[in-house]
Structure formats: C-alpha cells, structure tokens
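Reviewing the structure listed below.
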Amino acid sequence: MSTPPAKRQKRDQYRKRAAAAANEDTGKVKLPQKKFYRQRAHANPFSDHQLDYPLSPAHMDWSSHYPAFVNPDPEQKNLAGARKLLKDVEVVDIGCGFGGLLVGLAPLLPETLMLGMEIRTQVIEYVENRIQALRTQQNQLKNSSTTASESPAPAIPAEPATDGASPDAASTPETSNSPVPGGYQNISALRSNTMKFFPNFFGKQQLSKIFICFPDPHFKAKKHKARIISENLNAEYAYALKPGGLLYTITDVEEYHHWVLRHFREEGEHEASEGGVKDLFERVSEEELASDPCVEVMRESTEEGKKVTRNKGNKYVAVFRRKADPEWPA
Amino acid sequence: MAANFQLPLQCLQYLEKRGAESQRFLIASSGGKIYSYAAETGQRLSSWPQDVDASNANNSKATETETGSEDQAPPEKKRKVSPSEEGPAETSKSTVKASTWSSIPCLVAHSNGDYVIALTAEDKCVRVLRLKDDGTLEQLSERCMPKRPCSIALTDDGNTILCGDKFGDVYSLPLLPGNEPYVAPKLPNRPKVPSATPLTVHSKRNLESLEQQLRYSQKNSTEEKNSLNFQHQLLLGHVSLLTDVAFVTVPQDDNFGKKRSYILTGDRDEHIRVSRYPQAHIIEGYCLGHTAFVTKLCIPQYAPGYLISGGGDDYLLVWKWSEGRILQKVPLVKQESETTQVTVRGIWATSIGGSNIVLVALEGSSNLQCFVLGSDGTLKPQDPIEMSGNVLDVAIMEKDSTIVVSVDCIREKGSTHEWRASPTSPSNLIESFRVKPGTENLEWEPVTESLVTNINMGGSSGIPADADTKQRKELNDVLYSLGNLRKKHGEDD
Ligand SMILES: C[S@@+](CC[C@H](N)C(=O)[O-])C[C@H]1O[C@@H](n2cnc3c(N)ncnc32)[C@H](O)[C@@H]1O
C-alpha cells in the first residue's frame, strides 16, 4: 500500500504547517486534523524499529516534554546531562493512540506528569501537535484574561476524525475556550515500543497508574504473543508500579477481557493457586471503581471508547492494584 | 588427495567426578558429536552418539556419518530422516543417532561430574547424558523445546535446568525427570468460538483481525497449546530475543546462613534483567548500560556480587548487579575505531593461585584477553594469550592452574569466514596454558604434555579441504552466529 505522491506531499505539507502553527503564540491555533496522520493499522512489536530510547531511566531527557516542570536550578542534571524535572512521570498510557485519554485526564490530575506511549510514528506526531496546540491555546487564554488586551479569536477546534475509513459523523469540538487546570503542561507523548523498552523509561516503583485502553486484539491465536498484556509484560508493569498503584484495562472484545483476567490470574486454571502475578496484583472492586473518575475518562474520552459508544458496543473494564512484593521464602 | 580439515571443538567443558578416587574428564562437542577425554592424558574415551550397531548397518544413509575419527564424510551433512527410516521405534536410549542434528552449540557440565547437559541444534532438544566412570556417555533424557534454546544454566543445587530460548522465554526443567509418565495439567474447556463478534468490531483494523481469526479457527483455535510432554515451568519471558541466562545464589549480609537466588537474563535489546528465583515474575532490577546487544553474563563464583557483561559493545561492564550499578567500563579494543565491530563470544572467571582471573574472547579472534578482578570490582588488564586460531571455548582446571582452550583450526586467525589454504597435520584442536607460579603479574606458560598432543593427534571429524562454498558457509554459520544479533537499521516502517 503506497500513498500516491501528490497526496503524500499534501499530507507532509499539512503536518509541517500544523507543527509550526501549534507553537505560534499569536492568532488562531488550530488543532491538527487526524486524517493527515493516518498510518498502517499495525506496527510489528517484534521488529527493530528505529526508535529513540534512553539508556536507562536516569538518562531520559524529560525537560522538553514538560517545560513547565523543569527544575529551576540549571545545575540539576541527570546522567545524560539533561535538566531534571521537579517531579517524575507517574502516569503512563500504553498504546495511547490519538491521545484522548491524556487530554481527558490532564485537568483531573493537573499536578501529575502523564505520558502517552505509542508505536506508530504518524499517530505520535498527531498527539504531539495536538498537545502543543492545546498548550498554546491555554497560554493565550491565560494571557488574554490577565492583560485584557485585544482578545484573540477563539481557537478553532479541529474535528478529531477516526483512524478508520469512514468519516467521523459525531465529531465534537474537544476543547472548551476556558482555561483548564494545568493548562495541558502535565501531559506529553513519545514514540516507543513499550513491549521492549518500558524499563528504559521508568524505574522501580516509579508509576502510580498505568492505562492500557482498547489494546490491539490480535485475535489470531498464533499472534497472541503480540498482545500487550501477558504474564511476562505484567511482571514488567508490576516492576514500574508503586505498591498501591493501579493498572487500568478496558476492551470491547469480550474474549480479550477474559484473557486479561486470566493473565492476572483472576480467572482460569490458576485462579485459586497463589504464586505468579497473583503475588503482585489484586483486582479492584466495582464499588471502588464507581468513584474513580479515571474510569469514566477511559470509557468515554478515548478515541476507541467513543467509537465503541457510537456502535453501541460493550466495554469491559478491569483494574488491578499492585500489592507489595511478597516476602522472600524463609 | 589433500588432507582433511578437522572439525573444531565448539564447546569444551571440564568435569571432575566426586567419587572414591577423583576422576577427571574433558568433554567436547564437535559437529553433531560429543567426545570425552581423560583429563590427565588426553586419551579419547568415547564418542557420542555411539557408532551405529550392526543391525542398522543396512541403512546406508546412517552409516555415512558414524565412522569415528577417521571419518571422511562430513557429519554435518543434513539428512532428513523420517521416523520410518529411523529403524525400530523402540531404539534403546543408548543408541541415539546423530542424524537429526548437525551441531551441539551448548554443553554444560554438572557440578557433581555425573552429568552433561547438551543442546542439539536442529531438533531443539535438551539432552541429559550420564558420564560413566569409564568415560562413556549415556543419554538419560531428551526434551525437545518449543523454540530453539540459546542458553542453559543450572541452579546451584544442580537439580534444575534453566533453559532460555530465542523467543525470550526461560523454562525450568528438573535435571532428572521423574519416573512417572508426565500428565499435562488439564486446561479448562473454553468454548472455541471466535473471540470477537460483529458487535465488538468497530474499526477496519479490528475487522481484519476478526477475519483472520475466523479463517484460523477453522483449522485450530486452541490457544497456549501445551504440547510439551514433560515437566516444565515457564519462569519468565522477554519480548526481545534472549541471549544468555545466569543463575546466582548470594548469602544475605544481615541474615546469617540465609541465601537468596536470582536469575539474570540478557537480551538483544541491551537489557539485563534481574529476577527472583524461583518467583521470577518479581523483577528486582535491571542493569542498563549496554548500547548494543548483550551476549554473555558472567558472575564469578569467587565474587557473586559482581557481574561482568559483554556483547556487541567494544567494552565490558562490571556491575554490582543487585543495585544495577556500573562499577567499571572496560575497553576491549586498543583504539576505538568506527570500522571494527566486536562481539564478545565468551567470558570465563576462575580463581587460580590466589588471583581472581577473568578471561574474555571476542568472536573471530585468536587473542584471549586476561584480567584480574580486584576486591573493589575493577578489572585490571594483563598480558593476553595469543592462540594459533580463533578462540572458541575455554575449560578451566583450577587445581592444575591450567586452562584448556579450543581453537578454530579451519578459519584464518581473526576471520569468521576465511578458510586456511590447507590443513596442518595434526590440527590444533586445543591449546593449553598454565599459570607460571611465583610471578608477580599473571603469566602463562604453554602446556605441552600428552593432554594436548593426544587430543590434537586424535582429531575429530574430517572436512575435505576442497569443501565447496556453500558447505563452508554452513559450517561458518554454525560456529559464528553472534554477529547476526547486531541490528541492521534502516528497515523501518
Ligand atoms: C486500538 S488502539 C487504542 C488507542 C487508544 N488507547 C484508545 O483507546 O483510543 C491500540 C494502540 O496501541 C498501539 N500499540 C500497539 N502495540 C504497541 C507497542 N508495543 N508499543 C506502543 N504502542 C503500541 C497501536 O499502535 C495503537 O495505536
């Protein structure tokens, strides 16, 4: 599948302009349109992509991701010589797609640094531009209310299209023209293959929440190794989560939901037996989830979640709490 | 007719039997065979699998390979032997035929000296052999793994084999399977309906997946098919290609007499993971500092708190592995040059005459680098030892202050693919060195005793000097495959 050159050129031009415009401090800031960022549906998590990843978490330069949170002391540098932040990233959206979850969570946890990770290049480019545009909009709103000079025209929200073929009928403006707590300074995204490089970004017990929303189902049994939830990967997620931290999952595929429960040993042949990841995770009760606003964001703000709502599909939620490491056997 | 090349000894292990009188052996794999030698004299005691017995002699295909050391035909000629050709189904355990594999890339000696664990390449089998007092080898078990294993380690009690495979999984297997036939754990009956319904599919991407699944489920829809018919446990997995597995037990400082065990795993994506054993789903930490693939993890027995790791970088790293802390970066090449890419083939640690020695060989190099590990965990370089051919493996006889090095007598020094113009007779299969006593620095003197001359005189399997390009390439690939781990960039989406 190759894109006709003319179309590709148009796309490239659009994306360049959008990236530049997202940074402009004056005039109308448009949010990027998704249709210019489409890409092949799947990227193989096993192949070698040309990915940037830090040598270790202590080598990661977060300063460009969260400029508002950079430590004011320029002497505070990490192992790679990059400026340190005032706090660590604590929330991660694995396979963040077009970033709907991050945008939804940003005002809920304005003081918490959150990161989306996504393997597809064009998709991540869209999220980056989207976040940049939102930040710029917010800055403008802030400035206009404080200086009360000539008020800039309200930002024109773009319609977030779907990544499917059909045009999105129910496109709604996603930004209000009022200031939002945190001004989207607390969210960012980067390209990565989380199945291979998660430990390069996050240290032991660094995270308080991990989200995995509408993961690619890989229905074919042969391809189940490509699923982003497995006992092996759950061990890595457990490593990065603080005791008490939460791992959120949502899927519209019933079988995948049961797969999730089995791989956290909440169901299936190992349910009763202790050991395995069951040492590390326990399922969070429905009552507790009812009062967790993150669950609502996961259901309704993700692009996939919206799609499922429109198609009147089911959504299956399972959330797990990281337990403390078990004692070493005596 | 030109003389034959001798097939090098790919793996070399030293074994000491703990019996009434101690018996000492060298065990080597070469092509599809394993030889045992008396460590004192170098006399060859046996060759495994045994020569084909008379009853099978009518099978001309089988006789082609099994003619001992005077063999004219290359044993690694791959022959596809279907079960029907293999003769009677109930061939006794001791008459295994080297017909389904052409190389044994991994050989591990059990610490009590009674067993050898061998990995046969093409059939992906872990084979446990008993080493008898007379030096003959008898196969006790063969366990074929689902994916090609790449590394084998033993737990320190010697009762469990840890086997890492290319797909990143590490299994544990009992050294000696029980007598009872293995009963696979029953999987609950899950309805074999497609996991997606039109209701759950909202996008083209999911629709494609569903169509795939519907097609697939007509053939076979059982997931996690459990086809291993022996006791095993999946301990942990990397999504990246796994390269090495190490096991270590350390005493706890604050808790006298208590010990804790860990399993360390290295992968192609530069990671070294430290997991608890046997609760390997609890990751204790990572040692991150390599910028290229990891090939070897070495935890010296004399200093179990340290890890020495190497791979596709032109340096070794010395770690305090429990903290994921780098103690030292040790250069492996004199000048850093852009053009030469080095790959660590082996790291060996031994304690001889009060010195804690670390030996390092690079892939396709005849130079065995020597270091002394200080108590602060730093490696001090010593004079290297130059071999007559590329270093393949090292066996260590601590009591004799001696190392035995298997060398490549086919390829030119320094090359993984260029063959020598002609074989020498006898070929140097091994060289041996002894630490010179009473010298201040680490100095080695060559061992010339019968051990060396007998093994080299005895030869292995002959490879015709006029082997064609294709056969040469096949043989090169068997011995030198680590370089393939290097990533070739540019093939992105
Ligand atoms: C079905 S989409 C869901 C997107 C988003 N979470 C949502 O709910 O709208 C799954 C996403 O995961 C991404 N993905 C799959 N494997 C990944 C990996 N190994 N690392 C990072 N992202 C991955 C895919 O590219 C895709 O964008």
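Glycine residues also receive a Cβ, built from the backbone N, Cα and C atoms like all the rest.
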Please pick, from A:Cys213, A:Cys294, the residue that Swiss-Prot records in the S-adenosyl-L-methionine site together with A:Gly95, A:Glu118, A:Ile119, A:Asn193, A:Thr194, A:Thr302, A:Glu303, A:Glu304.
A:Cys213
Using DSSP reduced to three states, classify A:Thr302 (S-adenosyl-L-methionine binding site) as helix, strand or coil.
coil
Those binding-site residues, out of A:Gly95, A:Ile119, A:Thr194, A:Thr302, that come within 10 angstroms of A:Asp216 (active site) at the Cα:
A:Gly95
List the same-chain residues at least 6 positions away in sequence whose Cβ sits under 8 Å from the Cβ of A:Glu304 (S-adenosyl-L-methionine binding site), in sequence order, or say none.
A:Gly97, A:Cys213, A:Phe214, A:Asp252
Measure the Cβ-based neighbour count of A:Thr302 (S-adenosyl-L-methionine binding site), defined as the other Cβ atoms within 10 Å of its Cβ.
26
How far apart, in angstrom, are the most distant Cα atoms among the S-adenosyl-L-methionine-binding residues A:Gly95, A:Glu118, A:Ile119, A:Asn193, A:Thr194, A:Cys213, A:Thr302, A:Glu303, A:Glu304?
20
Please work out the helix, strand and coil residue numbers for the compositional bias 'Basic residues' (A:7-18) from the DSSP assignment.
12 helix, 0 strand, 0 coil
Checking A:Gly95, A:Ile119, A:Thr194, A:Thr302 - which of these binding-site residues have a CB within less than 8 A of a chain B CB?
none
